[in-house]
Amino acid sequence: MRDRLLAAEKVKAIDWRDGALYLLDQRILPFEEKWIAYTSAAGVAEAIRSMVVRGAPAIGISAAYAMVLSARARIAEGCDWQAEWEEDYALLADSRPTAVNLFWALGRMRDRLDRLKEDADPLAALEAEAIAIHESDREANLTMAQLGVDLIRKHQGNAQTILTHCNTGALATGGFGTALGVIRGAFIEGMVERVYADETRPWLQGSRLTAWELANEGIPVTLNADSAAAHIMKTKGITWVIVGADRITANGDVANKIGTYQLAVSAMHHGVRFMVVAPSSTIDMNLASGDDIPIEERDGSELLCVGGQRVGAEVEAFNPVFDVTPADLIDAIVTEKGIVERPDTAKMAQLMCRKRLH
Ligand SMILES: CSC[C@H]1O[C@H](OP(=O)(O)O)[C@H](O)[C@@H]1O
């Protein structure tokens, strides 16, 4: 299946070339495909904050490359470059609060610098680390796709009708996707009858990004309003809800795009299996439960306007963009280290002791 997945790759969101970071501007997809070149850490921090690039793994990968850009600029300035590098580090860490992949990737870059040998070239070492983070995410996507397909096969195997939320595809990762990587893999294996994609208000990652990725590959996709999800589980024979994650805590609670929690409650009520797919860089063993996860609240204007067009009355708008699904509503968490079914603290700790499977 790995080769068939590789052959299916059509889209990417991140490109590191000629010493610059190129990001596909996801704010204007699917209407326009425009790449923006970044040569400064501050520019990349703003790209993450304004969601030019989004998706937990993609945010981490972009931040890693940003720390290479920072080192190059600071070394060229001839100043105490590491102090300035730390300032850029803080700028990136402050760009978005919920996806732990951002902090995991920044930590990897700082650890690489701390391990640098006396006469080693910091720039070459940091660039190699960022590329390794990017490549390892892509590899993790491939492994998770294979594991997720095996899990579906174990439970039913026949034609699946799947519901997914937000965008967890090539646009959100180093390539292929997490939840969407499993869905791609299941489709390639002839196991997918149809995918229902929540539009995912207010930023519309589902209608603008997921529907675009799936349609590009001929995967049968039907767009639905977020509020139709429970009705669809009740009337359309949904067998799995498959979603991504932005932060998974030590007990298996999952922070993901707003609306995921109510999907899990509906899935439990309708006997639909609920799968979370995320690389281990999304697991934060420092947090005991989802109660401790910082939930990003974005400007209310994102609710009151769509495409620059006002769609609401002049009232206050509350716009939390993530929520927390408790572990007891989750059937399986699929990572590149393996699968945890019916997650709990002991099983999560066991998982994190494992090496990657591939
Ligand atoms: C594999 S992407 C994980 C996660 O990130 C998305 O959030 P955003 O689009 O705001 O960055 C969404 O929660 C996805 O499930």
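Every residue gets a Cβ built from N, Cα and C, even glycine.
In TrEMBL this protein carries:
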- Arg54, Gly55, Ala56, Arg96, Gln205, Asn256, Lys257: substrate binding site (BINDING)
- Cys166: site 'Transition state stabilizer' (SITE)
- Asp246: active site, proton donor (ACT_SITE)
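Comment: substrate site residues Arg54, Gly55, Ala56, Arg96, Gln205, Asn256, Lys257; largest CA to CA distance 17 Å, whole number. Fewest other C-beta atoms within 10 angstroms, among the binding-site residues Arg54, Gly55, Arg96, are seen around Arg96. Cα distances from Cys166 (site 'Transition state stabilizer') to the binding-site residues Gly55, Gln205, Asn256 are smallest for Gln205. Filtering Arg54, Gly55, Ala56, Arg96, Cys166 by Cβ distance to ligand 1 (under 6 A) retains the following recorded positions: Arg54, Gly55, Ala56, Cys166. DSSP assigns Asn256 (substrate binding site) to a strand. Its own atom aside, the Cβ of Lys257 (substrate binding site) has 27 Cβ atoms within 10 angstroms in the protein chains shown. The residue listed as 'active site, proton donor' is 8 Å away from Lys257 (substrate binding site) when you measure Cα to Cα. One way to see the shell of the substrate site is to take the Cβ centroid of Arg54, Gly55, Ala56, Arg96, Gln205, Asn256, Lys257; the remaining same-chain residues with a Cβ within 8 Å of it are Ile59, Ala99, Cys166, Asn167, Thr168, Ala172, Gly244, Asp246, Val321, Phe322. The secondary structure of Ala56 (substrate binding site), as reduced to three states from DSSP, is helical. Secondary structure at Gln205 (substrate binding site), as computed by DSSP, is helix. Annotation for Gln205 (substrate binding site): same-chain Cβ neighbours under 8 Å, separated by at least 6 residues, are Arg54, Cys166, Asn167, Lys257.
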